[in-house]
Amino acid sequence: MPALPVSGGDFRPYEVEVGTGLIASAGRRVLPFLKNRRTLIVTDTHVGPLHAVRLKEVLEAEGIAAQILTLPAGEETKSWEGLKALTDGLVEAGLDRKDVIIALGGGVIGDLTGFAAAIYMRGIDFVQIPTTVLAQVDSSVGGKTAIDHPKGKNLIGAFHQPRLVLCDLDVLATLPAREIRCGYAEVIKYGLLGDKAFFEWLEANDQAVLALEPTAIERAVARSVEMKAEIVAADEREGGQRALLNLGHTFGHALEAELGFGDTLLHGEAVAIGMGMAFRYSARMGLCSQAEADRAVAAIAAAGLPTQMTQIRNAAFDADTLIRHMGHDKKAEGGKLVFVLVKGIGEAFVAKDVSADSIRDFLISDGASA
Ligand SMILES: NC(=O)c1ccc[n+]([C@@H]2O[C@H](COP(=O)([O-])OP(=O)(O)OC[C@H]3O[C@@H](n4cnc5c(N)ncnc54)[C@H](O)[C@@H]3O)[C@@H](O)[C@H]2O)c1
Ligand SMILES: O=C(O)C(=O)C[C@@H](O)[C@H](O)[C@H](O)COP(=O)(O)O
Ligand SMILES: [Zn+2]
């Protein structure tokens, strides 16, 4: 399929390639961006043994000197410690401003490498080779890079767009089923926030997407990237409509923060629950019909994703503690919470007039403790 452009915004345009055999031809594809014919591949301990050596060989066959830096797999690496290890590695590798780093991994490696690229020598280029469904459909595109802070998700970061994104569908074959479901949460998010026809296609094809059937996964990734590219081009810095990509995230990030950013609750699962909550809250407030909310929740659950915080653990989450976490949400303005709510499936909007009391009442009705 033709490359998808991310262009039209106030940033240097770039392309997202979606297809098979992209790592096999990565040397030729990244070469135009490498002035020094050398690079550092940043990966993690799961992806490295599976895909990094092959990428290095492909690059070397094109005359590109490639080193590999492997960081521990998992959300914990999106931290000051992970950033220190990576920036130390960049210094040790002697990379200069004309060099390009390659992020080979999921959203953790992509967000961390993008942030390191944004600050190393005040900014060098990077290429994204996302290896999870989630990273292909969401995190590799759009230039949000960050690490987590114990108080909140992605609190330390920068906008820094990649030069190129290669979404090689072949690498998804080694992905655990739980991670495929996490990626699906961000895929269905696009339908829920702004494309009811895509949502309906997903309702009918969810199992084919989850089974990575070639035409289904290609369509799911391509449509997601297309929607993200359009929104990012219109509003790179989230002054307005980019916030729609945050559907489910105010609730989801609060749950992630409360659980300490480990693997008890993965980001995609948190977003799945958060979207369930956003639809239930919207229905409770009379903004959307109960039938639409039930349909959205049923479609998320049909993919084997959780939709309620009561599914995470037996002990109830404390409503006020969750609201405190929400206070660290980057959408909050002057201490007021901002939520992405819905009028129906495919009709998300940004709500700035949400009272903390109504959220508290909702959280308690949804399983939190008072
Ligand atoms: N920047 C953005 O716009 C954006 C968007 C969405 C999510 N995110 C961030 O992305 C992160 C989540 O990303 P993720 O879900 O990709 O998690 P991840 O990077 O932790 O990857 C998930 C797991 O799969 C493993 N893995 C990755 N590719 C594999 C492969 N091909 N085969 C086998 N194992 C593989 C990883 O080692 C890890 O254990 C979160 O930190 C989230 O905040 C950022
Ligand atoms: O690209 C965006 O914009 C998003 O909101 C995509 C989200 O899926 C992603 O999780 C993002 O990292 C959240 O951003 P944050 O600004 O809420 O930390
Ligand atoms: Zn997300």
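Any Cβ shown, glycine's included, is placed from N, Cα and C.
Predicted automatically and left uncurated, TrEMBL annotations should be read as such.
Annotation comment: TrEMBL describes 69-181 as domain '3-dehydroquinate synthase N-terminal'. Per-residue confidence over the domain '3-dehydroquinate synthase N-terminal' (69-181) averages 97 (mean pLDDT, predicted model).
Annotation source TrEMBL lists NAD(+) binding site at Gly107, Val108, Ile109, Gly110, Asp111, Thr131, Thr132, Lys144, Lys153. Sequence-distant contacts (6 or more apart, same chain, Cβ under 8 Å) of Ile109 (NAD(+) binding site) comprise Val42, Thr43, Asp44, Val47, Leu71, Thr77, Ala103.
What TrEMBL lists as domain '3-dehydroquinate synthase C-terminal' is 183-332.
Taking Cβ-Cβ distances under 8 Å and a sequence separation of 6 or more, the neighbours of His249 (Zn(2+) binding site) in its chain are Val271, Gly274, Asp329, Val340. According to TrEMBL, the feature Zn(2+) binding site maps to Glu186, His249, His267.
Same-chain residues at least 6 positions away in sequence with a Cβ under 8 Å from that of Glu186 (Zn(2+) binding site) are, in sequence order, Val133, Leu134, Val137, Asp138, Ser224, Gly268, Val271. Proximity to ligand 1 at the level of Cβ atoms, with a cut-off under 6 angstroms, picks out Asp111, Thr132, His267 from the binding-site residues Asp111, Thr132, His249, His267. Following the DSSP three-state reduction, the secondary structure of Thr132 (NAD(+) binding site) is coil.
Taking the Cβ of Asp111 (NAD(+) binding site) as reference, residues of its chain lying under 8 Å away and at least six apart in sequence are, in sequence order, Lys78, Ser139, Lys144, Thr145, Ala146, Ile147, Asn154, Gly157.
Checking the binding-site residues Gly107, Asp111, Thr132 against ligand 2, none has a C-beta less than 6 Å from an atom of that molecule. For His267 (Zn(2+) binding site) paired with Thr132 (NAD(+) binding site), the C-alpha to C-alpha distance reads 12 Å. In three-state terms derived from DSSP, Glu186 (Zn(2+) binding site) belongs to a helical segment.
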